[in-house]
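Listed features, source Swiss-Prot:
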- 1-67: region 'Domain I, interacts with DnaA modulators' (REGION)
- 67-97: region 'Domain II' (REGION)
- 98-313: region 'Domain III, AAA+ region' (REGION)
- Gly141, Gly143, Lys144, Thr145: ATP binding site (BINDING)
- 314-437: region 'Domain IV, binds dsDNA' (REGION)
Amino acid sequence: MKNKIIASLKERISRQNWENWFLDFNIRELKDNHVVFEVGNFFIKERLEKKFNKIISKVVKDILGKDATYEITFKEIPYETKVESGPLIKKRPLLITPLNPKYTFENLVVGEFNKFAYNVFLEASKNPGFYNPIFLYSGVGLGKTHLAQALGNYLLETDPDMKVAYLTSEEFMNEMFSAIKNGNIDEFREKYRKKADILIIDDIQFLIGIKSAQTELFHTFNTIHEAGKQIIICSDRTPQELKDFHSRMISRFQMGLLVKIEKPSSEDLFKIGKKISEMKNVEIDDEIIKYISKIYDNPRLIHGAILRLIAYRNLYGTLNLSIAESILTNVSKPPKSFEEKLLEILSEIFDCSPDDITSSKRTKNISYARKIGMYFAVKKLNLSTRDVGTIFKKSHSSVVQNVKQVEKLLKEGNVILKNYLKQIDKMSKGFAQGESM
């Protein structure tokens, strides 16, 4: 009977899906009209229950009767937290994941907005594990990645044998899924739990709603922390604002040191602009940099503005304040302006507040505003789904899903939706990129 159930499932599931998700699938127990299936890990269990529930249920009922039921379990793999002692073997330096060598403490502009964060990370680089974990959060483009990688680069400079693992949460998730698919999950865990001396996870907010990846990170976190190794988590929001995250994971983030990078002042932004031009070996007049620091409110945008001005000067051989103003006012407004303007427009049209739109509320008008706003930001403002996720405080996958839903409705000729988009386009008064609707 067990073989019959497996054979029937194999007939109904495509070869690719079978090879991806069912190679480790077997029946652990068959009693009366109840089947207990077993798979290799929690992630596959979660995937099968969501995507293949109807097929599995139908096969079980067809063979065992209409009252038959099933459940899926997974093999519990013990999580090792013990650090074994043994002879130290001098090995060639190993960088587990790449770092940008340009991110150093020396070229980081320090002001009142990031002084506390800078001092914490400098101390942590000299004494890893003293502040553990460190949870670093701030708005977009304020230097979280620079600070985190500066710590990693400092450690490698002072100890070339230090094994630093820096990656975004999305990279962690994708690597985990790939390891599961290819049967290399043990190697994946070995890499991050035992080989890494320091683990830096950037953009943790992109794991919102992805429970399987959160579970894997939870056990990785515990293993590294219990071994006394440094953990750094970077986010665009506080731990409490990580909605749809395991509470046990949030408690781990809160057990350490919470560090915030504040919004930089105009003076801070001017210093950052000067530093960027110095690093590019290009002299830009102070009046131009002052102008840039007034119209842009974060270091990333200032960096982009200076690159545009450098490109112009290299091409035409001249640059002054008048030219700079013309160049920078003829390009798109910075994402912060996009964010504020778009949320204001949506809140006005759908009779709700900007906070409602970025919240987890699911009332019809708020959900509709959020969905349409995401589509408009991706398709009309040409923002990446990652940036849109940051604006709306939602996961990357949620943005992709909402955009696809709107595309589907538009293809079906939804007149109401088209009218809403036209209204948003009209109210935006040209701040959107691309053609008008």
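Heads up, the Cβ atoms here are built off N, Cα and C, so glycines get one too.
Fair warning: this is a prediction, and the values are worked out from it, not measured in the lab.
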Thr145 (ATP binding site) - helix vs strand vs coil (DSSP): helix
Neighbouring C-beta atoms (10 Å sphere around the C-beta of Gly141 (ATP binding site)): 22
Of Gly143, Lys144, Thr145 (the binding-site residues), the residue whose Cβ has the fewest other Cβ atoms within 10 Å: Thr145
Counts by DSSP class (helix H/G/I, strand E/B, coil) across the region 'Domain IV, binds dsDNA' (314-437): 84 helix, 0 strand, 40 coil
Predicted model, mean pLDDT over the region 'Domain II' (67-97): 55
